[in-house]
Amino acid sequence: MRVLSGIQPTGRFHWGNYFGAIRQYIALQQAAEEPTGRAFYFLADLHALTTIRGEPEVLRQHTRDAALDLLALGLDPNKATLFRQSDVPEVTELFWALLTVTQMHLLDKGHSYKEKKARGLPADAGLYTYPILQAADILLYDSDTVPVGADQVQHIEITRDLAERFNHIYSADVLVPPKAYVLDDSAKVIGLDGEKMSKSYGNTIEIFETPKRLKKKCNSIVTDSLTVEDVKEPEGDNVFTMYKLFADESQRAELAAKYRAGGMGYGEAKKALINAATEYFAPAWERRADWEARPDDVEDVLQAGAKQARAVGGAVLDRVRVACGLSARR
Ligand code: TYM
């Protein structure tokens with residue numbers, strides 16, 4: 001079994017990234033014989049090029065921050081493998097092999113592409129073929145379990161289709177079709193306006209907001225206009241929905257009772273949310289400061305990760321090359 005996932009270093013990570021994906025990365029990491037059986041997590045910097053173009057220093061900075069954030073949030077390099085996508089050139093070769101078995105209609109349906117195009121963003125071939133590079137990311141390591149938020153499920157289905165099509169064309173079990181691992185209660189984390197939290201919607205709360213910004217953002221969460229005295233229904237309210245991410249059953253029940261009793265304004269609920277989030281991420285702030293003081297160690301983690309990833313990926317790529325009739329010598 002191989003757990004694998006990727007995350008784009010296109011800006012600082014937000015609550016959607018954390019509860020939708022990163023928390024599951026941490027939960028699924030486990031010590032294993034190296035490198036077989038280790039969970040693989042990577043910074044999808046090649047994918048980020050479809051968003052950050054012509055700004056190399058920005059991409060480098062985001063990639064550094066992304067590594068620090070994951071380590072701070074509990075990714076343990078003694079258990080899981082962390083690497084930069086672009087440190088494993090094997091992935092772009094598999095990408096090409098997959099392109100040759102991809103039917104165009106599969107990509108026309110891709111909703112990231114459709115959505116970005118609809119919003120008038122430049123639709124280049126990178127964006128169009130994005131799901132195939134993602135398929136290569138997954139298939140290169142014989143991954144079978146891919147922890148992601150709901151917005152990535154289509155990409156994992158495309159990956160399955162491609163693996164099956166490739167195996168069918170070459171009449172052999174060359175590639176392993178993976179499955180998405182999605183948790184129901186955090187598959188789609190909402191943002192300040194109640195829509196899906198997303199950098200591109202400008203409705204995010206970052207994991208490492210300063211206390212001042214956290215307060216400002218939480219205070220701007222959209223609610224209805226009931227007064228303090230009014231009885232309120234917690235289910236469906238944006239503040240309560242976010243609070244649930246951080247709270248256990250008894251804390252949830254306590255705040256829900258306050259909503260239903262009347263006499264509690266949204267300001268107080270927002271305070272409860274701010275406190276819960278601050279407490280929840282406090283250990284990560286400490287770990288982040290610790291890693292930040294040791295940039296060489298972070299780079300070492302990424303280099304060691306790339307080495308492990310290349311060892312596994314190289315063997316799978318050899319299998320693909322032989323199956324296709326390409327030179328078996330790399
Ligand atoms: P990305 O970088 O947009 O997001 C990283 C992860 O965060 C999840 N996520 C959310 N989950 C719940 N609610 C939200 N509001 C929310 N916003 C983001 C995403 O579902 C994702 O799991 N294409 C991928 C990166 C990628 C990848 C891969 C993932 C590249 N190669 C291979 C898995 C396997 C992406 O853009 O994720």
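Glycine is no exception: its Cβ is also placed from the backbone N, Cα and C atoms.
Pulled from TrEMBL, these are the features on record:
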BINDING   GLN8, PRO9, THR10, GLY16, ASN17, GLY149, ALA150, ASP151, VAL189, LYS196, MET197, SER198, LYS199, SER200  ATP binding site
BINDING   ASP137  L-tryptophan binding site
MOTIF     9-17  motif ''HIGH' region'
MOTIF     196-200  motif ''KMSKS' region'
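Within the set of binding-site residues THR10, VAL189, LYS199, VAL189 have a CB atom less than 6 Å from some atom of ligand 1. The binding-site residues under consideration are ALA150, VAL189, MET197. Their Cβ neighbour counts within 10 Å are lowest for ALA150. Here the Cα atom of ALA150 (ATP binding site) is found 18 Å from that of the residue listed as 'L-tryptophan binding site'. All chains included, 27 other C-beta atoms sit within 10 angstroms of the C-beta of ASP137 (L-tryptophan binding site). Residues belonging to the motif ''KMSKS' region' (196-200) score a mean pLDDT of 94 in the model. The two recorded residues, THR10 (ATP binding site) and ASP137 (L-tryptophan binding site), show a Cα separation of 18 Å.
For the motif ''KMSKS' region' (196-200), DSSP puts the residue distribution at 2 helix, 1 strand, 2 coil. Annotation note: ASN17 (ATP binding site) sits in a helical segment as assigned by DSSP. According to DSSP, ASP137 (L-tryptophan binding site) is assigned to a helical segment. The two recorded residues, LYS199 (ATP binding site) and ASP137 (L-tryptophan binding site), have Cα atoms 23 Å apart.
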